[in-house]
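Q: Structure provided below as structure tokens; questions to follow.
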Amino acid sequence: MKLPEMSDAEVLLQHSELMEYYRRKLARWERQQRHYSDAAAAANLSLPQQPATFDPEASWLKFHLGINRYALYTRDDPGIARLLQDMRSSVIISADYTQDEKALKGVCDCSQVVKPSGHHLKLALKFKDFGKSMFKPMRQERNEQTPEDVFYFVDFQRHNAEIAAFHLDRVLDFRRVPPVIGRLVNVSGEILHVTRNEELKSVFFTSPANNTCFFAKCLYVCKTEYAVCGHPDLLEGSMSAYLPGLSIAPRISIPNPWIRSYTFTGKEEWEVNPFYCDTIRRLYPYNSGNRLLNIIDMAIFDFLTGNMDRHHYEIFTKFGDAGFLLHFDNARGFGRHSHDELSILAPLTQCCTIKRSTLLRLHLLTRPDLRLSEVMRESLDGDPLRPVLTEPHLLALDRRLEKILRAVQRCVRKLGERQVVVADFVEVPDDPATRSPQPPLPPEPRSR
């Protein structure tokens, strides 16, 4: 898919504003480090020095500057390979809880916890060049499948699913998943010994097998039996590149129109109303432009990975209705290779429409010389934690791809190709009078 020429308004950030923003952040970081050093000296303690340097040519800065209205990076961007390598090998100078975990502080009550799901066990790691990555540790062996009786909203998060989702997103030519690579992390030397967060330090312990372990206090994993452990200190996990800070590149989170019920018995309207899409098509922002088409792209992506947990999506506010959807948080994918959850495809099967570029790409990946499983196998072979997916998961991709194409064929037989297969880059009208009221926002799922 060839992108149109882009103006400055279609690029997320300008070079000068980004450089100034991160210089200010580095200055604040250095002040904090001096404060820590002074406090340690006053207490006759010795702290390891953690100097950071600001490199205007750093790979993560190049990544941020490449984000545009259509994708997180261009198809031929050589900087992505460099960014992946840097996340794999850069010196870690800081470890902390992620912002969403910090937001839960004071809310969780470990005495009331009964569900051992483990979905908030992730950390924000900072590198020597001031880059930042989200680390999700290994929670499940690759050959383990999610048990049939486990609800999607209490499933484990899988580090290898995050890695595989990035590669699949790139193979599909969406480029809406931030770059991810696997890494072996020394949980003592690269997390415990570099963190300044006393809460984080307090959850580390040594297991009876003399392995270094840690667990999360929020939410649902308050106990040591739900911890992750190194062997004895090395622990594999996924490293996901952070996007630019919200203060310089604001994003909004929007409920997925095909959000699932996050209760044990409830059902949403789309699950019982086969004409649900007719209602969605009349609502802003799904009544014009690319938003509904992007939702269908996301459903196709999630069906291939088996991810049922797409309750919200995010967009950059700068691009408004014309922007793409970020495919965040893919760790609940690739849980069951033996099951294809057809309900994930509801946006496609109920709306019967798909982008021409997406359909062409899907057909391309059925060719004998370019089968999706083979392309993914080759792509994933470059990750340090290979094999990332087991063979049954790779073969499931081919099977699911065939089911997507059969669903499109049924729509074409019913409505005709002209109505089902539509062009990309549909322009969004500027007239606010064409907008219908926003649907009410469903409540945030409690399991998150």
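Just so it is clear, glycine is given a Cβ too, placed from its N, Cα and C backbone atoms.
For reference, TrEMBL lists these features for the protein:
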type	residues	note
BINDING	Lys136, Ser240, Ala241, Tyr242, Leu243, Glu314, Asp329	ATP binding site
DOMAIN	204-421	domain 'FAM20 C-terminal'
ACT_SITE	Asp309	active site
BINDING	Asp329	Mn(2+) binding site
REGION	429-448	region 'Disordered'
COMPBIAS	437-448	compositional bias 'Pro residues'
Q: Given the ATP binding site residues Lys136, Ser240, Ala241, Tyr242, Leu243, Glu314, Asp329 in the record, what is the largest Cα to Cα distance, rounded to whole Å?
A: 20
Q: Enter the number of other CB atoms within 10 angstroms of the CB of Asp329 (ATP binding site).
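A: Looking across every protein chain shown, the total is 24.
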Q: Tell me, how many other CB atoms lie within 10 A of the CB of the residue listed as 'active site', whichever protein chain they belong to?
A: 23
Q: Using a 10 Å radius around its CB, how many other CB atoms surround Ser240 (ATP binding site)?
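A: The answer is 27 other Cβ atoms.
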Q: Could you measure between Leu243 (ATP binding site) and the residue listed as 'active site' for me? Cα positions, answer in whole angstrom.
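A: With the alpha carbons as reference points, the distance is 21 Å.
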Q: Of these binding-site residues, Ala241, Leu243, which scores lowest on Cβ atoms within 10 Å?
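A: Comparing Cβ neighbour counts within 10 Å for the binding-site residues Ala241, Leu243 gives Leu243.
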Q: Give me the count of other Cβ atoms within 10 A of the Cβ belonging to Glu314 (ATP binding site).
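A: Around Glu314 (ATP binding site), other Cβ atoms within 10 Å: 16.
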Q: What does the structure give for the C-alpha distance between Asp329 (ATP binding site) and the residue listed as 'active site'? Integer Å is fine.
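A: It is 9 Å, counting Cα to Cα.
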Q: So what sits near Lys136 (ATP binding site) in its own chain, CB-to-CB under 8 Å and at least six residues off in sequence?
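A: The list for Lys136 (ATP binding site) reads Leu121, Lys122, Gln157, His159, Glu162, Gly237, Ser238, Ser240, Ala331, given in order along the sequence.
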Q: What residues, ordered by sequence, lie under 8 A Cβ-to-Cβ from Tyr242 (ATP binding site) and sit at least six positions away in the same chain?
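A: For Tyr242 (ATP binding site), the qualifying residues are Trp60, Ala124, Gly131, Lys132, Ser133, Met134, Pro178.
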